[in-house]
Amino acid sequence: INGDAKGTVFFEQESEKCPVKVTGEVTGLAKGLHGFHVHEFGDNTNGCMSSGPHFNPQGKEHGAPTDENRHLGDLGNITATGDGPTAVDICDCKITLFGANSIIGRTVVVHADPDDLGKGGHELSKTTGNAGARIGCGVIGIAKI
């Protein structure tokens with residue numbers, strides 16, 4: 001992840017039927033919640049803005065990770081303590097590293113503000129979670145481990 005927020009995040013999935021484990025660390029975050037999403041395009045030519053909207057191949061509304069009606073890329077929030085790196089530890093059953101809806105080649109984005117999980121009543125709640133500016137992003141690639 002590069003930008004005002006920086007870090008390394010790993011996406012692991014043992015098989016198509018298993019959830020994706022998302023782990024890593026992000027630095028440069030103010031204390032509090034920060035929206036954490038997979039966006040549609042693996043394009044950072046104009047910084048994080050070129051990554052497009054949240055990855056949403058099923059055309060659903062924005063929601064919480066536990067909601068049935070959510071973008072595939074809606075991974076909720078990560079919590080920064082303000083003391084050192086922010087740990088990322090997410091297990092998600094909707095995203096995948098396999099098939100047509102794979103997130104490989106797309107962009108993970110960290111936002112400046114909390115994701116209201118589609119429940120904030122703001123005009124952006126049902127599209128972006130009103131999570132604010134994109135302060136860090138990186139293309140999801142394949143790593144040799």
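Cβ atoms are placed via backbone N, Cα and C, with glycine included.
According to Swiss-Prot, the cysteine that forms a disulfide bond with Cys48, out of Cys93, Cys137, is Cys137. The binding-site residues recorded for this entry are His37, His54, His71, Asp74, and the Cα of His37 lies nearest to that of Cys137 (disulfide bond).
Classification of His71 (Zn(2+) binding site) by DSSP places it in coil, neither helical nor stranded.
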